[in-house]
Amino acid sequence: MRHYYSVDTIRAAEAPLLASLPDGALMRRAAFGLATEIGRELTARTGGVVGRRVCAVVGSGDNGGDALWAATFLRRRGAAADAVLLNPDRTHRKALAAFTKSGGRLVESVSAATDLVIDGVVGISGSGPLRPAAAQVFAAVQAAAIPVVAVDIPSGIDVATGAITGPAVHAALTVTFGGLKPVHALADCGRVVLVDIGLDLAHTDVLGFEATDVAARWPVPGPRDDKYTQGVTGVLAGSSTYPGAAVLCTGAAVAATSGMVRYAGTAHAEVLAHWPEVIASPTPAAAGRVQAWVVGPGLGTDEAGAAALWFALDTDLPVLVDADGLTMLADHPDLVAGRNAPTVLTPHAGEFARLAGAPPGDDRVGACRQLADALGATVLLKGNVTVIADPGGPVYLNPAGQSWAATAGSGDVLSGMIGALLASGLPSGEAAAAAAFVHARASAAAAADPGPGDAPTSASRISGHIRAALAAL
């Protein structure tokens, strides 16, 4: 499990170490880890460290000190080291002295011969975009295609929200210390490496699943299981206008677990043509017993669609609401707020704005939490980084790592997957987070098939790669 910590939590954990260690020892410990990772990056890119050139772009304060100490350690390993001081009067004095003593050079700009740039401009206590001088330096670095290693966070990106409101550093690698911060999931930080500096960190409720976490939770049939005990998923989706939504949603539910899927709606003929294992009926009342309902994809907002939504929410079963269901729900939020059974809402940004009365804005975690608490429902906010908030509970962050899932019908596939996990008995937040993780893996696999490179994919192909993504966990 990945844990993401606030700046205040990190600072509180650093305090006892700073009080007990000799002055500067914690900075040098962090910088040594940073230099080690930079050395690995240099070796991977250029074949070694000796004779290579690094340049630290140094701001005021400890972040710049980390960068200077790392450059000093690399200098001792045989690299040439330069430093651009953005604020010479406020540069970390001890780190600067060590850097110059090691033979490091102070320069006005980054040389075109530089193999790697160290971003030591702004640390986790900073905020806002790059100031003009730093922005100019990194614009030149980007134009020259020199890779950047960021110290703790890429400068110019908000540490708590991942928001970028102006010029910011584009990092190939970010090396962070002690614990991950939300920005490492919410923004593009390149590859992220965590260096252990000995912090004793308190509890965090901002989490991220890893493959082992998903594998441990995904239902696997046991020797006493049958199609009913594994969970029966009910799907209320599709219409004469959008029958494909029903096909995609039910197909994903079929692929996600080994139980049973029941479908009710006007697209039952199309569903059976694609998935003969589905039990299909024309109305929800005729569907039979299920353990969870998925309602909304392609459903329409007419009287029949409203009746299906009301039917599902009136049960004491877990319910996932998506797409047209969310559009109708925006006018009747009390239908969810009054439920005792688990409810999962899966809006994109536009649907979120209708539900919450305002778009999520830069603070997607805070906005998702607020809506989940207000409605008493698990909220999954779609995006390249999926944010899942449990009411009064944890938030799960799932960075997809690519954008191949941004295709029509992809959300219908995700809804079917989550519904199947709800039917299996998984708690709503974990079901949403696990499904989002596998959905992202399936999207990447679909884009990579048949290879050798990635290519545009579709929701049907994403659904077709769910099983492969599960098998690879």
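Each residue, glycine too, has its Cβ placed from N, Cα and C.
According to Swiss-Prot, the protein carries these features:
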BINDING   ASN63, ASP119, SER155  K(+) binding site
BINDING   ASP152  (6S)-NADPHX 1 binding site
BINDING   GLY298, ASP412  (6S)-NADPHX 2 binding site
BINDING   382-386, 402-411  ADP binding site
DOMAIN    10-205  domain 'YjeF N-terminal'
DOMAIN    210-473  domain 'YjeF C-terminal'
REGION    1-211  region 'NAD(P)H-hydrate epimerase'
REGION    62-66  region 'NADPHX 1'
REGION    123-129  region 'NADPHX 1'
REGION    211-473  region 'ADP-dependent (S)-NAD(P)H-hydrate dehydratase'
REGION    348-354  region 'NADPHX 2'
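Under 8 Å from some Cβ of the region 'NADPHX 1' (123-129) lie the Cβ atoms of residues 7, 10, 59, 61-63, 66, 135, 151-153, 155-156, 158-159, 164-168, 181, all in the same chain and six or more residues away from its ends. The number of other Cβ atoms within 10 Å of the Cβ belonging to ALA405 (ADP binding site), over all protein chains shown, comes to 25. For the region 'NADPHX 1' (123-129), the number of residues in each DSSP class (helix H, G, I; strand E, B; coil) is 0 helix, 0 strand, 7 coil. Same-chain residues lying 6+ beyond the ends of the region 'NADPHX 2' (348-354) with a Cβ under 8 Å from its Cβ atoms: 323, 326-327, 330, 360, 367, 371, 379, 381-383, 411.
Looking only at Cα atoms, GLY298 ((6S)-NADPHX 2 binding site) sits nearest to GLY409 among the binding-site residues ASP119, SER155, GLY409. With the fewest other Cβ atoms inside 10 Å of its Cβ, the least crowded of the binding-site residues GLY298, GLY409, GLY411 in this structure is GLY409. ASN384 (ADP binding site) falls within neither a helix nor a strand when secondary structure is assigned with DSSP, and so counts as coil. The closest partner of ASP119 (K(+) binding site) among the binding-site residues, by CA position, is ASP152; the full candidate set was ASP152, ASN384, ALA405, GLY411, ASP412. Checking each of the binding-site residues ASN63, SER155, LYS382, ASN384, THR386 against ASP412 ((6S)-NADPHX 2 binding site) by C-alpha distance, the shortest gap belongs to LYS382.
Counting neighbouring Cβ atoms within 10 Å of each of the binding-site residues (ASN63, SER155, ASN384, THR386, SER403), the lowest count belongs to SER403. Same-chain neighbours of the K(+) site beyond ASN63, ASP119, SER155, judged by a C-beta within 8 angstroms of the site's C-beta center, are, in sequence order, VAL57, GLY59, GLY64, ALA67, GLY120, VAL121, VAL122, GLY123, GLY126, ALA150, VAL151, ASP152, ILE153, PRO154, VAL169.
Distance between Cα atoms for ASN63 (K(+) binding site) and ASN384 (ADP binding site): 29 Å, as a whole number.
In the three-state DSSP assignment, the secondary structure recorded for ASP119 (K(+) binding site) is strand.
Cα-Cα distance from the residue listed as '(6S)-NADPHX 1 binding site' to SER403 (ADP binding site): 25 Å (rounded to the nearest whole number).
There are 31 other Cβ atoms within 10 Å of the Cβ belonging to ASP119 (K(+) binding site).
DSSP assigns THR407 (ADP binding site) to coil, not to a helix or a strand.
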